[in-house]
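Visitor: Okay, handing you the structure first.
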Amino acid sequence: MKKLRCDQTPAWAALNTHFNASGRHFDVREAFARDARRFEAFSQDAPHVFADLSKNLIDADSQALLLALARQCGLEQQRDAMFAGELINSTEQRAVMHFLLRNPPSAQYTPAQAAINKIADAQAEVEVTLNAMLAYAEQVRADAAITDIVNIGIGGSDLGPQMAVLALNEFATAGKRLHFVSNIDGDELAGVLGLVKPENTLFLVASKTFTTTETMTNARSAKAWFEARGGQDIARHFAALTTNVAAANEFGITTTFGFWDWVGGRYSLWSAIGLPLAIAIGAAGFREFLAGAHAMDEHFRTAALEDNLPVRLGLLDVWYRNFHGFSSRSIAPYSSALRRWPAYLQQLEMESNGKRVDKDGQPLPFDTSPVLWGEPGTNGQHAYFQMLHQGTAVVPVEFVAVKRAAHGLPGHHDKLLANVLAQAQALMRGKKDAGGHQDFPGNRPSTFLLLEQLTPASLGALIALQEHRVFVSGAIWGINSFDQWGVELGKVLARDIEPRLQSGDISGLDGSTAGLLQRLR
């Protein structure tokens, strides 16, 4: 029997009825007044992360109905299929096993897991590659002649490593500067090359296929710069993170670290793509990073849906997107170290769930991924928080805060924490003003994620939490969260347009593109 689409389930119909009866007019301030234990009921400890969901527009009834929706959509079975190594990336006929990259060597497997895709064999390959990569990272860390490491990659080969290196700067070794080049705009590469010397620089070329246009254009330019300035020994100063060893060798690179087709780009930070982070924080730190993520994997895999933080967050996303109609979510990390967190989440969620068809290729009659956007606090308060508090659109906000700061500057952290608490409170409480201009409607929802400290383990857990949350909403919507065909069309058209910039040929182009091309020549 064909599986019901989520909007055809009894739970979806019940959620619609509940929303129209009470959810549409739910007031979180009244909910707190009625229930002295609301904070306890809608907050949760998970590995390395505490979450307060109590300021959201949910009650026990909506949560129960969302959990019923999850069960009627087969969420548990879909989760188990991923962890069993089944080919859940249906459009590319691939397993989705990035969780293997953070499994400890002692991990045990069920007979079902061992039978599908030979998970135990894959785990052994992962450990061999991880050990080799971490040994190389320690070699680079010990090499005093290498002062600068330039990572050349884009998408998952850039956003994850860059975000994590910045976040864990407090744990980074002294004497090594990490740089990231992703954009094909030459200004970015030129800016980095102006800071480094050939004899002191290691270039990491991160491209699964070793054919990515942006990455290979930048890599070739970096190689030409290196040779033009008397750089010697390409093999020592370039390493590749790729599965295309032959192409890397042809480029002149002999040091390569690969990964597998069951690792999607936006989930590749845990693989060889994480080499920049391993160089920054060392092998022990990188293993702690993996361990934090594994702890969250186990929580997601084993916890009951009612007590499963990724599930609760993913269902909240469905509630807001499909019933309240909220089209975006603002990401507000109150940590300068997490300044690239919003950009990282943009790819993770919007590339995963920004789909308009289900797994069978059929158009969906409901909305999927929201738009994610944000800036670190307190900067965002002086930019767009005006709209969050007094604008016409309701935008759920997700705060991230760190209890203990790494720096020792007196007074700073208390002020930072006071601000994040105040913003969440102000969004909920609001303020009445007869004149209108200083009226804050309140009842604006927010989620608060709290880390005890920003460490390799807590960052790993925080990332894995978001990965699984995205899986949950994608599973409810019935989409394939692990392909990204939407990035392909523009690439194809760019290859056609590039030679036209030299030739001026506008045949077959639409009027707008033709007009712009002529002005650009």
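Cβ from N, Cα, C; glycine included.
Summarising the annotation, Swiss-Prot assigns active site, proton donor to Glu351. Taken from Swiss-Prot, the feature active site covers His382, Lys491.
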Visitor: Using Cβ-Cβ distances, find the residues under 8 Å from Glu351 (active site, proton donor) that belong to the same chain and are at least 6 apart in sequence, listing them in sequence order.
Guide: Arg266, Gln484, Gly486, Val487
Visitor: Can you tell me the three-state DSSP label for Lys491 (active site)?
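Guide: The three-state answer is helix.
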Visitor: Please list, in sequence order, the residues in the chain of Lys491 (active site) that are at least six apart in sequence and whose C-beta is under 8 Å away from its C-beta.
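Guide: Spatial neighbours, sequence-distant, of Lys491 (active site): Thr213.
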Visitor: Provide the number of Cβ atoms within 10 Å of the Cβ of His382 (active site), excluding the reference atom itself.
Guide: 10
